[in-house]
Amino acid sequence: MTYAIHESLTLLSQKQNLPEELTFTVVQDLLSGELTPAQIGGLLLGLSLKGETPEEIAAFAQALRGAGLKIKAPAGTLDTCGTGGDRSGTFNISTTAAFVIAGAGVPVAKHGNRFASGRCGSADVLEQLGISLKATPESSERHLQHIGMTFLFAQVYHPAMAKVARERRELGIRTIFNLLGPLLNPAGAPYQLLGVSSPSLLPKMAKALQILGSKRAVVAVGEDGLDEVTLTGATQAILIDGGAIQPFIIRPEEYGLNLCSLQDLQGGTPAENGQITLRILQGKKGPQRDIVLLNAGTALYAANKAAGIREGIALAAESLDSGKALSILEKLKASA
């Protein structure tokens with residue numbers, strides 16, 4: 001038993017928080033294969049029962065970043081990866097928004113995986129749309145540079161995550177690893193729109209982003225529990241801008257968007273969700289388009305492309321109506 005895991009389990013058994021340096025060391029021990037399955041399970045369960053701190057989340061992310069593959073990216077790159085886990089069954093809102101954001105001129109390094117909530121993750125829907133999940137890091141760099149968007153499949157860039165797959169599966173509960181995806185972008189995206197599935201995660205993830213040196217980001221959770229900027233009502237959000245953290249509320253009706261029901265946003269199988277995304281990019285109007293505009297507009301504000309969400313929504317609408325967003329999809333398909 002390593003010193004780090006012994007000390008960590010001792011502290012967790014007393015419901016005490018782990019110091020950042022100790023957390024970083026114990027994750028390194030985990031990644032190097034020095035921990036037994038029982039120790040890994042105890043660590044993850046202990047953190048979950050105690051409640052993970054922003055410092056613990058950031059230390060996990062820093063250790064995993066060091067173990068993952070990386071790509072070079074333009075300075076203004078953004079990611080729309082969220083935590084998932086809201087179990088809402090909506091279509092792939094942030095993935096669809098990624099095409100719109102890229103069409104508006106902000107490079108998007110979309111980090112994602114197969115489904116974590118609902119029935120369809122970003123990888124599942126992009127695969128249905130004809131985008132290769134097997135792009136090499138070199139190809140992804142080219143896509144980002146010349147097309148303005150790429151998909152970074154988490155399984156390719158973070159093979160070390162496989163070291164805890166069995167323990168996570170056998171525990172069967174949410175663990176700290178469910179929070180890490182948005183913090184592990186291989187392109188090091190300095191801008192983010194990060195949806196979380198619970199109001200309790202909002203300040204934690206915002207603080208973790210601040211610790212990790214995020215340039216500017218918006219963390220959001222809908223009052224309906226959606227891990228997106230929602231269209232059914234208000235969204236609680238936090239803007240991280242360098243060293244500052246600023247809470248605010250997003251109300252769709254203030255931007256001329258009609259409220260809808262969760263039923264209006266429902267998705268289905270990967271094939272069905274792919275069709276929803278395609279129809280939006282082809283110009284279909286309605287609540288599905290509107291929630292994509294709202295999320296893309298918020299992301300463009302986070303990326304400093306727009307002075308506010310209202311201007312961001314206008315830029316997002318132009319991206320869709322001009323065909324630029326659809327063109328991003330077509331170029332990515334052609335490069336597969």
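Going from the start of the chain as shown, residues are counted 1 onward.
Each Cβ is built from the backbone N, Cα and C atoms, and glycine gets one as well.
Here's what Swiss-Prot has on this protein:
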BINDING   G82, 85-86, T90, 92-95, 110-118, S122  5-phospho-alpha-D-ribose 1-diphosphate binding site
BINDING   G82, N113  anthranilate 1 binding site
BINDING   S94, E228  Mg(2+) 1 binding site
BINDING   R168  anthranilate 2 binding site
BINDING   D227, E228  Mg(2+) 2 binding site
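A map of Swiss-Prot features onto the structure.
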| residue | record | contacts (Cβ under 8 Å, 6+ apart) |
| --- | --- | --- |
| G82 | 5-phospho-alpha-D-ribose 1-diphosphate binding site | S94, G181, P182, L194, G195, V196, S197, D227, E228 |
| H111 | 5-phospho-alpha-D-ribose 1-diphosphate binding site | D79, C81, L152, A154, Y157, G181, P182, L184, N185, P186, A187, A189 |
| N113 | anthranilate 1 binding site | G121, S122, A123, F153, A154, Q155, G181 |
| R114 | 5-phospho-alpha-D-ribose 1-diphosphate binding site | G121, A123, D124 |
| R168 | anthranilate 2 binding site | L44, T175, F177 |
Notebook entry, point to check: Here are some binding-site residues: D227, E228. Which one has the most Cβ atoms within 10 Å of its Cβ?
Noted result: E228
Checklist line | Other CB atoms within 10 A, centred on T90 (5-phospho-alpha-D-ribose 1-diphosphate binding site) | finding: 25
Notebook entry, point to check: Including all protein chains shown, what's the count of other C-beta atoms within 10 A of the C-beta of S94 (5-phospho-alpha-D-ribose 1-diphosphate binding site)?
Noted result: 26
Note to self: Which secondary structure state does DSSP assign to H111 (5-phospho-alpha-D-ribose 1-diphosphate binding site), in the simple three-class scheme?
What the structure shows: strand
